[in-house]
């Protein structure tokens, strides 16, 4: 029997559950698979299967994450759930499991708690585009006024971190009721209502191939009689033979024209997101281009040296530093394909950063790098990863 071809007829979207410990993230994840399985859009995955999340390595950091997939009538979803708070922090900062949107789970019995706040802040810092809220454990709250208060608190918290708190859908329900079939309205119906809102409210992500062209430079060769070939994996967009592109980062931006695209020694008329290609550049000398620069659509990305970042610093056990660092710390920042030295400025009131901390900090690089918000990087000391980060905003 031939293996069934995976046909993706529906648009794909990556989401995840976030929120305070024990507010019901994993139960909700299980409940979604159970309810959608009845409609044939998922395989039911029980709580304990999701809870024993396998460990993965992302940028040298060990993270436990569980992945489930399911579909609604409109979309195919990959859903990520993490067992521990530290795993969420690492996951969101490294972008190990990318999120196009998040389901914030808040227990109606407790209201927003410290990690609720921290996950919303992280979602803002790492650029999660949209959040839908599931007010869980509503079967434990008899007073409708109390529910309204919790809802108001959640909306205020979201607004505080620049999410549209007054517009975000909040669905009241109970993941346990859905799993135990005890209360149709708070259980199954609430989960279906949640997924309807996730479908409608979380915007469909733009596919990498539809975004402006960008390719990090991995290697540069000179081919006699042909010119200079730059190799790398196209990160996004499409590049066609004959198109004008820019070389951005490290040195002043240069314009050039792509006169050929090669893949596996064959000449193509274009290269697109995901392809490993060699691009032949007109009139560009071998010494004009270096690893760490990017080829991109003119005007789409600018070089920057100063930015604000959210970073996670590895523990000693993860192979990180054994000691704290202070402001003016000078490690290397590994962006895409190269290390650049930078100086760290800690926020006022933060004396030092301990291994295992996550921190908002300002970085000044010694040379400019092609960057934009949401770009991930590693923090390294002599080739050893000591942290991971994401560009939260650009200063200059």
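Cβ atoms here come from the backbone N, Cα and C positions, even for glycine.
Taken as a whole, the domain 'tr-type G' (10-206) shows an average pLDDT of 93 in this prediction. Positions annotated as domain 'tr-type G' by Swiss-Prot: 10-206.
As annotated by Swiss-Prot, region 'G1' applies to 19-26, with the evidence given as similarity to another entry.
According to Swiss-Prot, the GTP binding site annotation covers 19-26, 81-85, 136-139. Listed in sequence order, 21, 115, 118 are the same-chain residues six or more apart from residue 85 (GTP binding site) with CB atoms under 8 A from its CB.
Per Swiss-Prot, the feature Mg(2+) binding site maps to 26. The Cβ of residue 26 (Mg(2+) binding site) has 22 neighbouring Cβ atoms from other residues within 10 Å, across all protein chains displayed. Taken residue by residue with DSSP, residue 26 (Mg(2+) binding site) is part of a helix.
What Swiss-Prot lists as region 'G2' is 60-64.
Residues of the same chain lying 6 or more positions beyond the ends of the region 'G3' (81-84) and with a Cβ under 8 Å from any Cβ of it are 16-17, 21, 25-26, 29, 50-53, 63-66, 68, 91. Summarising the annotation, Swiss-Prot assigns region 'G3' to 81-84.
For 136-139, the entry in Swiss-Prot reads region 'G4'.
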Query: Any residues 6+ beyond the ends of the region 'G2' (60-64) with a Cβ under 8 Å from its own?
result: 53-54, 82-84, 87, 90-91, 94, 96, 312, 314, 318-319, 378, 385, 388
Task: Look up residue 138 (GTP binding site) in the DSSP assignment and report helix, strand or coil.
output: helix
Task: Give the helix, strand or coil assignment DSSP yields for residue 19 (GTP binding site).
output: strand
Query: Other than its close neighbours in sequence, what residues sit by the region 'G1' (19-26), given a CB gap under 8 Å and a spacing of at least six beyond its ends?
result: 47, 50-51, 66, 81, 83-85, 104-107, 110, 112-116, 119, 136-137, 175-176
Statement: Cβ neighbour count (10 Å, all chains) around residue 25 (GTP binding site) is 26
- prompt: Per DSSP, how many helix, strand and coil residues does the region 'G3' (81-84) have?
  reply: 0 helix, 1 strand, 3 coil
